[in-house]
Amino acid sequence: TLLNSLEEENPNIPVIAKYFGTKGRYEEVNPYLIRDILAVNRSGLQPPSPQCREIHLTAIIRHGTRYPTAKNVKKMQKLYKLVQSSARGEESWLREILTQWTMWYTEDMDGRLVQKGVGDLKHLAVRLSKLFPTIISEEKLRGGLFKFITSSKHRCVNSTLSFKAGLTEMWAITDVEFQHAVNDALMRFFDTCTKFVQEVDNNPSALTEMDKFTQRPEMVRVQEKIADRLDVPYHLITYDMVEAAFYLCAYEFAIKTANSPWCRLFDEVDGQVMEYALDLKQFWKRGYGYDINSKSSCILFHDVFSRLEKAVNDHNSGQPVAEAVTVQVGHAETLLPLLTLLGFFKDNETLMSTNYASQRERSFRTSRMLPYAANLVLVLFDCGGQDIRLQPLVNEQPVVFPGLADRQESMPLYEDVKRQYAELLNGCDYETVCDKTQNTRIHS
């Protein structure tokens, strides 16, 4: 594949780079960006007819590359101390960790956007304007037809500013500023959904499958291999230590594009096992594992569809669409429940601690779905005379709404999409689904 050829000729890319889950680079999902960060891939984006015109675009975007959180910094520091005090061996990469590499991560970095993250969003803005030039246009931005909404977290606000800067720098706009609104009710719905917080987020047993997997032979083998590579006793390398090493490799790469000596603790098989452990965590905490995970995003789901509906109504009544472009910046935890509610990346089999082998070809793969700056883009097109269509894209790649695949149409009718989600559109009331008193505990 193209991915392999690009990575084989690039010694700066760790062997395990495509398995970093939510700590992965966007470039690993779209490898053509490695050569040209502003390249766009239009294949699969063919409207059914040449007269199709964009009338509205909504983009829901995860923040860009960030520093580790304080919690993960602590784990990394613990591993680093262990390696310093106990590791033996003469390998050059180990000597490099011990003599040249310094522990430069500090707890006060706590998840803040890094410089690479600024670029992630600026470049995404430019690419989206190349993909959809008639709607992401200078004229519409200056005309006040863009709306920017963000989570209150620093990394999201700064990602929003970066996205805006991508546009204003491209069009050399210096005479006017564009406002954004902070809206945690929409972009951090997971904080206020009581049922989700109590039954999943703060419930250790929700992660039973991931915990079990860390005890399984596949993961124990990874721990033993790392202990062997460091020449330390097996009992010193816990799952937390393995995770810290994996994250050290991931962050050094995402932030500094460095193939760090920490990466030498893993081979490709280890990377695949780690990816599965992290996917299990996301599956049970934010994905298909529990119904409330996706239902917690009802508030965002309804918000998105009411914007689409308003745009269609504006358009059909012959007036200009008041809100041509909506950009909403949030978190992996914003995007995954919504993608799950919409039914994307769903496998026939539930991800369990025991079915690693049979899930090798799974579509629920956070490395592909949720790198930094991951995005869901919905574009409304008017293809002439009441023929309104809706094109979904995930990470700039066209996707098919589940249930509409048999149409073989890349771009389904908006009315068909609404019919597909009728049950959610008529129900899925955030207050009701999140109210702890409403229904009984989830039984796993």
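Here, residue 1 is simply the first one shown, and the rest follow in order.
Using N, Cα and C of the backbone, Cβ positions are placed for all residues, glycine too.
As recorded in TrEMBL:
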type: DISULFID; residues: CYS52-CYS383; note: disulfide bond
type: DISULFID; residues: CYS249-CYS263; note: disulfide bond
One finds that other Cβ atoms within 10 Å of the Cβ of CYS249 (disulfide bond) number exactly 27
Within the chain of CYS383 (disulfide bond), which residues six or more apart in sequence place their C-beta under 8 angstroms from its C-beta? PRO47, PRO48, SER49, GLN51, CYS52, ARG53, ARG389
Within the same chain, the residues at least 6 apart in sequence whose Cβ is under 8 angstroms from that of CYS263 (disulfide bond) are PRO14, VAL15, ILE16, CYS249, GLU252, PHE253
Counting across all protein chains shown, how many other Cβ atoms sit within 10 Å of the Cβ of CYS52 (disulfide bond)? 19
